[in-house]
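J.: Shown below is the structure under consideration.
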Amino acid sequence: MDISNEAGVDAFSIIGPTTIIGRTIAVRILFCNSVSIFRHKVFRILKFFLRGGRVLLSPFVSLLHPRNPQGILVMVTTMAFLLNRYTSLKAKAEMAYRRKFWRNMMRAALTYEEWSHAAKMLDKETPKVNETDLFDVELVSNKLDELKHRRHEGSLRDIIFCMRADLVRNLGNMCNPELHKGRLHVPRLIKEYIDEVSTQLRMVCDMDTEELSLEEKLSFMHETRHAYGRTALLLSGGASLGAFHLGVVKTLVEHKLLPRIIAGSSVGSVMCAVVGTRSWPELQSFFEGSWHALQFFDQMGGIFTTVKRVMTQGAVHEIRHLQWKLRNLTNNLTFQEAYDITGRILGITVCSLRKHEPPRCLNYLTSPHVVIWSAVTASCAFPGLFEAQELMAKDRTGEIVPYHPPFNLDPEEGSASVRRWRDGSLEMDLPMIQLKELFNVNHFIVSQANPHIAPFLRMKEFVRACGGRFAAKLAQLAEMEVKHRCNQVLELGLPLREVASLFAQEWEGDVTIVMPATFSQYLKIIQNPSNVEIQKAANQGRRCTWEKLAVIKANFGIELALDECVTVLNHMRRLKRSAERAAAFSAISSSPPSKHLLAGTNRFNASKRIPSWNCIARQNSSGSVDDDVLAEASRLYQHIVVGSGRNSNRTSNLSHTYDAGSECDSPEAEDWTRSGGPLMRTNSAQMFTDYVQNLDAVDPEQIRASENDSIVAASSSSHSITVTEGDYLQTGRTHNGFVLNLVRGENLRMNSEPEDSQNESEIPETPESVQLDSPEKDIIDGESSASEDGDAQANLIHDHE
């Protein structure tokens with residue numbers, strides 16, 4: 001058979017099982033077969049479950065039958081519950097969104113009005129907390145009712161007894177920070193209690209009654225203030241992050257909540273120096289624009305200059321630029337001079353380079369002669385950033401000399417090493433213990449901007465806000481554990497002692513304002529911040545302080561009322577003594593001229609005294625007390641004097657005991673600050689001061705009754721001195737007595753008339769600087785010797801033996 005004509009099969013060879021097309025077709029057929037088998041299996045499984053589900057759902061389906069009312073009721077109730085749940089969740093979500101919106105508005109606010117509006121709206125959106133869990137409502141309410149009852153009865157003695165018996169700062173835990181957190185205002189009950197106590201204190205201060213004398217009122221206020229305690233503002237370190245303190249202090253100044261005791265270290269000491277050397281009007285004007293120019297770091301220069309400075313001085317920056325800036329800010333004032341001018345207590349912490357010397361808190365009691373700019377420079381000398389500094393002070397002549405000069409009697413041994421000081425935040429960032437011991441401080445407001453502390457405190461606040469009280473307790477436990485381990489390192493003397501000392505200190509106070517620093521701010525921590533960066537940090541400080549105003553007012557309100565009452569009473573006492581002195585002088589002047597011989601010695605005029613080297617007239621010591629308060633006190637006293645016919649009893653007690661932090665409201669306080677320097681610290685000088693003080697307590701009637709005997713005694717004495725009218729006597733000390741140096745009135749008036757004419761009513765009495773004025777001449781018993789010129793100087797030596 002011929003097969004040559006059969007069809008060819010070469011064209012079908014491309015779809016064979018070994019080709020790509022053939023394999024693709026085979027895979028497709030197999031895949032479709034597998035899907036079909038899987039579909040049948042799934043169908044069988046679903047059919048099985050549907051059969052079982054029908055059996056299970058048949059009772060529930062029967063409940064939905066129209067003839068079954070129970071089933072319909074269950075269905076409707078379930079649907080209503082689900083709808084209500086959905087609605088409540090939606091309302092909560094909307095409320096949370098609104099709270100987040102107002103919080104963002106608070107974080108972006110630039111003025112207190114904007115912030116307070118956002119805080120008020122946030123308070124409305126926030127669920128109310130149960131205040132009974134945070135403080136003793138019953139105790140505070142009962143105490144408030146008792147105070148109101150005693151005030152309505154009108155017994156001043158009962159009011160004083162009640163407040164002296166039980167007036168504490170944290171009554172019933174009403175100063176709990178958790179209670180005031182996120183609040184715009186103080187809780188109503190606590191505000192009523194603070195207002196009631198303040199009202200009764202002012203009522204005691206202003207009431208004119210014979211039941212209570214002015215001296216008794218002042219003693220009551222001083223004792224109550226000492227028992228109540230003081231508030232101090234502490235500013236931490238933080239290099240350029242210290243611009244945060246600007247906003248904190250500015251907010252406290254604007255709301256008149258700035259404490260009179262302020263202390264700090266490192267960059268915080270710079271802000272303390274600004275506050276402690278300016279009067280209240282100067283401080284208010286400082287924050288209006290001049291604070292933008294705070295640039296304390298010099299230009300680092302090139303890499304070779306920086307390396308050379310590090311190799312020679314051990315520091316990156318040159319400290320002379322910082323010293324020059326601080327001199328301009330503080331005007332070469334010492335701690336004592338700043339205290340005399342402003343009435344504020346300034347504290348600056350420094351650490352010694354010596355291993356066994358403890359850190360110090362410099363203030364007007366521990367180091368009155370140290371120059372403030374020197375202390376601030378030493379407190380800013382962080383190792384590696386600035387070199388350690390030597391403290392400078394003023395000597396008796398006013399020259400700036402080393403505070404701890406090397407002393408060695410044997411020249412062969414060589415001079416001792418210089419005592420240098422560095423950053424106080426290394427060992428004592430917040431000098432709480434020292435302030436408690438020296439100034440009776442029991443409440444601290446802390447502004448924390450340290451880069452190694454602030455992040456942990458912010459984290460702890462976040463944990464407390466998100467995790468509740470239990471999480472807050474765990475965070476507190478972790479903090480205590482870290483401090484405990486660091487203290488163990490310090491006690492055992494292990495390596496890294498300096499690092500351990502940074503974390504072993506106290507970080508927080510009763511009210512802690514923590515800086516929310518950003519990462520970009522940490523990168524520029526040792527550089528001069530620009531004006532924009534200073535403004536940003538200051539705004540952060542203001543917003544963080546606005547959040548704490550409620551708790552600060554709760555802690556600080558009664559203390560402010562006590563300070564105001566003490567200031568007003570001291571002002572009234574000065575007016576009273578001035579009026580008594582004027583009345584006594586008027587009575588003496590009305591007597592015959594021949595009887596002025598001894599009476600002239602009874603006038604003790606301290607307003608024209610010759611200030612000693614360490615005594616500056618305080619013209620701005622009223623602090624944050626408004627001028628209208630003092631004016632009201634003056635009007636009140638004038639009303640008292642006119643109504644009583646100027647027949648009030650004279651007071652001869654010129655030495656009262658005050659607490660250590662009294663701001664020297666009474667100029668008669670017998671301490672170093674009012675003693676006129678070393679020459680007036682002897683027993684002889686004290687006897688002479690007591691003698692002159694007793695002269696002021698003599699009544700005109702007693703003077704007239706004893707004039708004849710006194711004139712005879714004066715004429716029979718062989719030791720006398722004649723002083724021309726208008727001249728003044730300055731006290732001095734010798735080896736066996738004291739010396740009175742005569743100063744011509746013409747020279748003194750040329751130097752003192754402009755200042756005295758402006759501040760004569762504000763300068764308090766100081767019995768340490770003595771002036772004896774006489775219409776004709778002054779006579780004092782003792783030995784006298786004339787000067788070589790005969791009219792330039794007169795010396796009187798009196799033997800106390």
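Cβ from N, Cα, C; glycine included.
Heads up, here are the entries from Swiss-Prot:
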CARBOHYD  ASN130  N-linked glycosylation site
TRANSMEM  232-249  transmembrane segment
DOMAIN    233-436  domain 'PNPLA'
TRANSMEM  261-277  transmembrane segment
ACT_SITE  SER266  active site, nucleophile
CARBOHYD  ASN328  N-linked glycosylation site
CARBOHYD  ASN332  N-linked glycosylation site
ACT_SITE  ASP423  active site, proton acceptor
CARBOHYD  ASN605  N-linked glycosylation site
CARBOHYD  ASN620  N-linked glycosylation site
REGION    648-675  region 'Disordered'
CARBOHYD  ASN649  N-linked glycosylation site
CARBOHYD  ASN653  N-linked glycosylation site
CARBOHYD  ASN708  N-linked glycosylation site
REGION    750-801  region 'Disordered'
COMPBIAS  753-765  compositional bias 'Acidic residues'
CARBOHYD  ASN759  N-linked glycosylation site
J.: Give residue numbers and ranges for long-range contacts of the transmembrane segment (261-277): same chain, 6 or more residues beyond its ends, CB-CB under 8 A.
T.: 230-242, 245-246, 249, 283, 286, 291, 294, 296, 326, 329-331, 333, 338-339, 341-342, 344-350, 361, 363, 372-373, 375-376, 379-380, 382, 423-425, 428-431, 435, 439, 441, 447, 449, 661
J.: What subset of the recorded positions ASN130, SER266, ASN332 lies within 10 angstroms of ASP423 (active site, proton acceptor) at the C-alpha level?
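T.: So the list reads SER266.
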J.: How far is it from ASN130 (N-linked glycosylation site) to the residue listed as 'active site, nucleophile', counting Cα to Cα, in Å?
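T.: Distance between the two Cα atoms comes out at 42 Å.
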J.: Does anything in the same chain, at least 6 positions from ASN332 (N-linked glycosylation site), have a Cβ under 8 Å from its Cβ, and if so what?
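T.: VAL371, TRP373, ILE400 - these are the non-local Cβ neighbours of ASN332 (N-linked glycosylation site), listed in sequence order.
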J.: Counting across all protein chains shown, how many other Cβ atoms sit within 10 Å of the Cβ of the residue listed as 'active site, proton acceptor'?
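T.: Taking every protein chain into account, the count is 25.
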J.: Out of ASN130, ASN328, which of the glycosylation sites is least crowded by other Cβ atoms within 10 Å?
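T.: With the glycosylation sites ASN130, ASN328, fewest surrounding Cβ atoms within 10 Å: ASN130.
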J.: If you count Cβ atoms within 10 Å of the Cβ of the residue listed as 'active site, nucleophile', leaving out that atom itself, what do you get?
T.: 29
J.: Between SER266 (active site, nucleophile) and ASN328 (N-linked glycosylation site), what is the CA-CA distance rounded to a whole number of Å?
T.: 18
